[in-house]
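J.: One structure is given below, represented as structure tokens, and several questions about it will come after.
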Amino acid sequence: MASLKVPASVPPPYEDAEQLNKAFKGWGTNEGLIISILAHRNAAQRNLIRQVYAEAYGQDLLKDLDKELSSDFERVVLLWTLDLAERDAYLANEATKRFTSSNWVLMEIACTRSSHDLFKARQAYHARYKKSLEEDVAYHTTGDFRKLLVPLVSAFRYEGEEVNTMLAKSEAKILHEKISDKAYSDDEIIRILTTRSKAQLNATLNHYNNAFGNAINKNLKEDADNEFLKLLRATIKCLTYPEKYFEKLLRLAIKKIGTDEWALTRVVTTRAEIDMERIKEEYRRRNSVTLDHDIAGEASGDYERMLLALIGHGDA
């Protein structure tokens, strides 16, 4: 359910590459031309443009974009132009760095990607950084956060819809017992959340709700200030209702004093070709206003135009 609007008749990649090269020439960069091309090409088309650009001009398109653009507009264009696996590897690596560290970004990548896409991100991480994502996550996290995040980023979950009802009932009981004992980082909780398929987890959590009268995340709100519990609740939301997780992330990014452009950019670039329609529907339901309305109110200039084009509302 992608929002991205790709023109019915797309020029061949050599024409796009030529136009992008022209956008960098002369006095000042033609940002509008960059948006009109890159914001309206899908992942396969963008990859072809990068290949053709390198062959035609002997330059890496990403490096030329980096040289010509700046600020939030530069970040959104660069993240968007990367292919999915490269982008996730880049974001994950950034999330392990001292000044941009984020357990949330690592969890988000691990829990909202398909098993295949997460595997490809780990491969891209190897290729770019000459080490594994798992070792960097293990090195840069500690305690309960490490205990949860390392198996999350290492996971290769079954993707099918098959569900074992008896298993769902027994594991719902295990989860309830551990949470009742406040053993939030117990090995069994970690095992269930980091290995079971999303379909199986949904069945387990539905049974939890029915059997014990509360959604699991309500029972995990015992200590509102506990950072590990916040991450654990977000993990469960990402695995079961990713559109609700992303809606909240966007709402907080837009509504906070001083927009969180990094979060806004990350969500738009990573979800535009995946589930942006569902996220937009959830945003409208939750906020009684459209996502494009709020983005237009907070962002400006080329950054705003690129974001709106990516969520399917721009006419750039």
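Even glycines carry a Cβ here, placed using N, Cα and C.
Sharing the feature lines straight out of TrEMBL:
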- PHE24, GLY26, GLY28, GLU68, ILE254, LYS256, GLY258, ALA296, GLU304: Ca(2+) 1 binding site (BINDING)
- GLU298: Ca(2+) 3 binding site (BINDING)
J.: Express the distance between the Cα positions of GLY28 (Ca(2+) 1 binding site) and GLU298 (Ca(2+) 3 binding site) as a whole number of Å.
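T.: Taking the Cα atoms only, GLY28 (Ca(2+) 1 binding site) lies 25 Å from GLU298 (Ca(2+) 3 binding site).
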J.: Who sits close to GLU304 (Ca(2+) 1 binding site): which same-chain residues at least 6 apart have their Cβ under 8 Å from its Cβ?
T.: ILE295, ALA296
J.: Sorry to bug you, but what's the C-alpha spacing from PHE24 (Ca(2+) 1 binding site) to the residue listed as 'Ca(2+) 3 binding site', rounded to the closest Å?
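T.: On Cα coordinates alone, these residues lie 28 Å apart.
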J.: If I restrict to non-local contacts, at least six residues apart, and a C-beta distance under 8 angstroms, what lies near ILE254 (Ca(2+) 1 binding site) in its own chain?
T.: ASP260, LEU264, ASP294, ILE295, GLY297, GLU298
J.: If you count the C-beta atoms lying within 10 Å of each candidate's C-beta, which of the binding-site residues GLY28, GLY258 ends up with the smallest number?
T.: GLY258
